[in-house]
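Only one structure is covered here, and it is reproduced in the block below.
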2 protein chains.
Amino acid sequence: MKTFSEIAAMRAWCRDQQSRAQTIGIVPTMGALHEGHLSLVRRAKSQCDLCVATIFVNPTQFAEGEDLSRYPRPLEQDLELLREEGADAVFLPTDAVMYPDGFGTYVNPPPVSLPLEGQSRPEHFRGVTTVVMKLFQIIPANAAFFGQKDFQQLRVIEHMVRDLNVPVEIVPCEIVREKDGLAMSSRNRYLSESERVTALSLSRALVKAAELVQGGEDRADELERTMYAELSACDKVDYAVVVDANSLQPVRRLDQSSVALIAARVGNTRLIDNRIL
Amino acid sequence: MKTFSEIAAMRAWCRDQQSRAQTIGIVPTMGALHEGHLSLVRRAKSQCDLCVATIFVNPTQFAEGEDLSRYPRPLEQDLELLREEGADAVFLPTDAVMYPDGFGTYVNPPPVSLPLEGQSRPEHFRGVTTVVMKLFQIIPANAAFFGQKDFQQLRVIEHMVRDLNVPVEIVPCEIVREKDGLAMSSRNRYLSESERVTALSLSRALVKAAELVQGGEDRADELERTMYAELSACDKVDYAVVVDANSLQPVRRLDQSSVALIAARVGNTRLIDNRIL
């Protein structure tokens with residue numbers, strides 16, 4: 001497995017591979033890898049000849065007071081996991097490589113970025129679109145693999161790629177869960193034992209909503225009430241909503257494309273989860 | 001000469017050429033071609049195997065009340081000029097191809113976009129960076145050729161390409177002038193005979209400033225005073241300044257990298273010109 005920390009060398013490797021008709025799948029990550037990330041690597045390997053993973057804790061998508069400085073960075077372990085999974089190359093840039101002095105051009109995210117996470121974390125998606133656009137320019141991948149746990153992020157990136165004509169296929173991948181239902185997240189490692197029990201209420205709320213839907217319930221407000229009730233042990237619920245899965249705009253009644261989305265704080269840890277209904 | 005109006009076909013042609021080791025130079029234009037544009041095509045042909053010109057009057061870089069609707073669109077003549085010059089392909093998208101319903105992602109331009117044109121035309125450069133980024137994604141050119149008449153635009157695009165790691169070389173090209181000094185511009189065709197005489201004051205003001213510099217003058221305010229005096233027949237001078245050629249920030253005294261920039265209105269026509277000092 002090759003590792004690169006410089007842009008020119010990373011790009012040259014990709015071009016060399018592509019000149020020999022090798023297709024490339026990119027898996028952008030912030031490291032602290034778990035089974036969710038590794039499932040993306042496997043998916044990339046199954047669809048493309050080569051998999052390039054990126055590990056970069058992107059400062060522009062964190063606001064003041066968020067967890068940038070304490071975000072986990074178990075680099076050696078991450079590299080070992082990627083090696084075992086058969087990733088072909090890893091891009092590990094520093095902050096100075098990605099945001100050198102004088103940096104000042106940002107990709108302004110599409111309107112689908114505005115509700116939900118956009119309300120809770122106003123600058124977040126601008127950081128995401130900017131860094132993902134940069135990665136797509138550095139690594140000219142044929143396809144890019146993103147987990148559906150960050151459901152709104154996936155929509156934001158899909159719209160960006162469509163609007164700016166980026167020549168890459170965005171491949172959404174299923175959420176990977178722990179046996180007890182907790183959605184895998186690098187931030188789960190912040191949770192104490194008791195917080196981890198409380199954190200299960202997110203996936204449980206989504207299952208309850210799905211059960212109600214199977215029982216015939218189609219009123220968004222009823223489903224949301226049920227989710228909020230299930231989340232009562234959380235320290236703060238940023239949102240627990242049923243929205244249109246494409247626009248992320250509120251719906252009154254479920255239709256063929258609805259999704260339930262939750263963001264909640266357990267102790268100092270902010271968790272998100274979702275389920276297509 | 002091939003013409004394309006659809007994104008997929010344009011991109012496929014480029015990829016096919018590049019798979020056969022042909023390099024591509026792109027010349028983005030809004031049409032109404034003059035000798036300045038044609039010099040860019042010649043430069044592209046001299047540096048790359050193939051030249052792709054684009055003709056698109058980009059609505060997002062015009063504000064309400066500007067000349068979008070009356071901007072000249074002599075398409076048949078433009079195509080004939082490009083054919084004579086040996087352009088290999090032309091991309092001619094419609095507004096609906098470039099900005100389909102639901103479009104909503106913009107490239108926010110770098111700080112060098114803020115002074116000068118950024119003050120006179122606040123949304124202009126956001127439209128420029130967005131459409132140029134789109135063109136660079138559709139046409140994966142090795143190099144892109146821009147005239148120095150739009151001096152600030154050139155800097156904005158250079159900074160965007162650097163910040164977002166776009167894999168294209170930006171090649172600045174000399175201003176082409178009429179025999180009497182008037183910088184070539186598609187907007188010159190708006191000028192009446194008497195307005196055209198007044199329009200000469202822009203290039204004359206720049207020559208006078210350069211003469212003063214050769215005579216030892218290095219005070220920006222003196223140079224600006226001279227330019228304003230020369231521009232007195234114009235209907236409005238948006239700016240006539242001496243600034244740092246990289247940052248476009250004001251300078252008190254000239255150094256090795258200074259440029260004089262003018263924007264002025266003659267009748268209803270807004271003209272720009274500049275000269276490295």
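For all residues, glycine too, the Cβ spot is worked out from N, Cα and C.
Pulled from TrEMBL, these are the features on record:
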| type | residues | note |
| --- | --- | --- |
| ACT_SITE | A:HIS37 | active site, proton donor |
| BINDING | A:30-37, A:147-150, A:VAL176, A:184-187 | ATP binding site |
| BINDING | A:GLN61, A:GLN153 | (R)-pantoate binding site |
| BINDING | A:GLN61 | beta-alanine binding site |
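For the pair formed by A:GLN153 ((R)-pantoate binding site) and A:GLY36 (ATP binding site), distance between Cα atoms is given as 16 Å, rounded to the nearest Å. Each residue contributes its Cα atom, and for A:VAL176 (ATP binding site) and A:GLN61 ((R)-pantoate binding site) these two points are 23 Å apart. For the pair A:LEU33 (ATP binding site) and A:GLN61 ((R)-pantoate binding site), the C-alpha distance works out to 18 angstrom. A:VAL176 (ATP binding site) counts 18 other C-beta atoms within 10 Å of its own C-beta, drawing on all protein chains shown. Counting Cβ atoms from all protein chains shown, the residue listed as 'active site, proton donor' has 27 others lying within 10 Å of its own Cβ.
Nearest by CA distance to A:GLN61 ((R)-pantoate binding site), out of the recorded positions A:MET30, A:GLY36, A:HIS37, A:GLN148, A:SER186, is A:MET30. Most Cβ neighbours within 10 Å among the binding-site residues A:GLN153, A:SER186: this distinction goes to A:GLN153.
DSSP assigns A:MET30 (ATP binding site) to coil, not to a helix or a strand.
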